[in-house]
Amino acid sequence: MKKVKLKAPAKVNYRLDVLRRRPDGYHDLRMIMQRIDLCDDIEIALSGTRGVRVTCGRDGVPDGPDNIAWRAADALLTISGRAVGLDIAITKNIPVAAGLGGGSSDGATVLMGVNELLGLGFSDERLMEIGVKLGADVPFFIFKKTALAEGIGDKLTAVETISPVWLVLVNPHLHVSTGWVYQNLRLTAMKDDDIIPRFYGKIEDVCAILANDLESVTIGRFPVIQEIKERLLRVGACGSLMSGSGSTVFGLFKDEAAARRAAETLAAESNWFVVAVKTL
């Protein structure tokens, strides 16, 4: 095998509770995380020159060691002791710094792809152990299930939900720094005793749990986030929420036709990035 081609899916957070700040500077979280079929395309090929090379061609996405995909490949080569060359080409379809986990998904997908390409035989559990050192969301994309994520996001429990659910994603072309959002978050009520269901049999069940503690911070700086939430509801979403630290907002719809109609309406009324997607 000389190369592999893979899809790196985005995610949305149906729920994001920030429980407390930890002594190590991270936060304990409780999230419901869901993969969607908006994907980056990744090709990993063996090269005659040792080392890792990443090409992307998207403004704001580094090609070298600052790219999580580069660090993922380098980590596996170091751990496995394999002295080979890898060329990684990433076609970005997921908006950058948008709360959709695009970077983490790229890193996770490269871990799985290099493992396959080189026949390393690492289990998903081992790849998740490696991945969490690259980013807190990386293990989720290796887990490959809708998940309740706890701790810093690395403690994962499978959640049963209806599939597929159709969503409309709207991004107002704003890059939001996750670090800035957490630095400006003011923790208030404790939520440890809140019960989050592990089964969602209909779309109304999902809409009932939509909540994101980071929304108020991001909306305070970018009021357009609130505007997008309201417009999604006006075009028929049963619920709308900012994903992650933003700036992407998603709305849930009863079926594909409703989602596509809403996406067409919002795209015609704005210059935002708008797309209808379904859950995986």
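Counting begins at 1 with the first residue displayed.
Note: Cβ is positioned from N, Cα and C throughout, glycine not excepted.
What Swiss-Prot says about this one:
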ACT_SITE  LYS11  active site
ACT_SITE  ASP137  active site
BINDING   PRO95, VAL96, ALA97, ALA98, GLY99, LEU100, GLY101, GLY102, GLY103, SER104, SER105  ATP binding site
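Sequence features annotated in Swiss-Prot and their locations in the structure.
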residue : record           : DSSP (3 states)
LYS11   : active site      : strand
PRO95   : ATP binding site : coil
GLY101  : ATP binding site : coil
ASP137  : active site      : coil
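Neighbours of LYS11 (active site) among the binding-site residues PRO95, ALA97, GLY103, defined as a Cα within 10 Å of its Cα, are absent: none qualifies. Separation of the C-alpha atoms of ASP137 (active site) and PRO95 (ATP binding site): 16 Å, rounded to the nearest whole number.
Listed recorded positions: LYS11, GLY99, GLY101, ASP137. The one with the lowest count of other Cβ atoms within 10 Å of its Cβ is ASP137.
The Cβ of SER105 (ATP binding site) lies under 8 Å from the Cβ of ALA8, PRO9, ALA10, LYS11, CYS39, ASP40, ILE94, ASP137, PHE141, each of which sits 6+ residues away along the same chain.
The record gives PRO95, VAL96, ALA97, ALA98, GLY99, LEU100, GLY101, GLY102, GLY103, SER104, SER105 for ATP. Within 8 Å of the mean position of their Cβ atoms, the other Cβ atoms in that chain belong to ALA10, ILE94, GLY244.
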